[in-house]
Amino acid sequence: MRSLRRAAAPIAAVSAALLLVAGCGDDDKDDKGKKDDKSTGQTPGGSGAPSAPADKPASTITVLAAASLTSAFEEAGKAYTKNHKDQNVKFSFAGSQELAAQVKQGAPADVIATADTKTMDGLAAQVNAPQVFAKNKLTILVAPGNPKKITSLADLSRGDLTVVLAGPTVPVGRYAREALGKAGVAVKPKSEEVDVKAVVTRVRMGEADAGIVYTTDAKSAGEAVASVEIPDQHNVVASYPVAVIKESKQQDPAAAFTQWLRTPEAQEILKKYGFAAP
């Protein structure tokens, strides 16, 4: 019996040692598993797939645009954001001279698009390099059916007509006076409007017999008005530049939008509203 007890003691000691080693091995596996989980960014016991990053909120750019761009830009903005899910575009439309004043006063905006290069040139200190993205021409706007039988710029000097023009500091007003000068016609307008949309409204409401506007505005007004073509020798081509405002905090998104305006997709939309390619 004593011999059996003496033999059992070493066996028990060996068994205990083996159990201790096995336990250490399990601890090593657990530690290794934890290290592996940490290296992949997962929590222990996870499914093995890394967690998805949170969606980045869309950035919003504010675009100051000439009034004559209203219809075209509203559609262009929808097309742009449809294909650029991470960006929103907010527009503010007014006369180019008014928009330029806003930029000089530090209005919070990212992009400006004017109806002439002269106004944009006056913002050289406030904007990055402008690019022309569209062109436009002038037309005579009259009531539907042209009841006053207006056929040319020369008719606008008739005493029986009420004519309205945009003010001389407004691009379309300056272009109108240039066209009248080419035709050798002197016109005293009943009123001088703040932008081209105001001229359209005067004629559409019957408050004026005629006005000089962009062809695009006549097209946008539809059947509420009619137009009389101005021949090329008297007409004026308006160039539309766009630029990123230097003080913008959205430089990259703003630049992306200005560049997109020259793409085939954007040009097709502008063409739909009567604008010509740059």
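Glycine residues also receive a Cβ, built from the backbone N, Cα and C atoms like all the rest.
Same-site candidate for molybdate binding, as annotated by TrEMBL with Ser96, Val196, Tyr214, chosen from Ser59, Ser68, Ser248: Ser68. The binding-site residues considered are Ser68, Tyr214; of these, Tyr214 has the fewest other C-beta atoms within 10 angstroms of its C-beta. Within 8 Å of the Cβ centroid of the molybdate site, not counting the listed residues Ser68, Ser96, Val196, Tyr214, the chain contributes Ala66, Ala67, Leu69, Gly95, Ala115, Asn136, Ala166, Val170, Pro171, Val172, Asp195, Lys197, Val213, Thr216, Asp217, Ala238.
Shown in sequence order, Ala66, Thr114, Ala115, Asp116, Thr119, Val170, Pro171 are the residues of the chain, 6+ apart in sequence, with a C-beta less than 8 angstroms from the C-beta of Ser96 (molybdate binding site).
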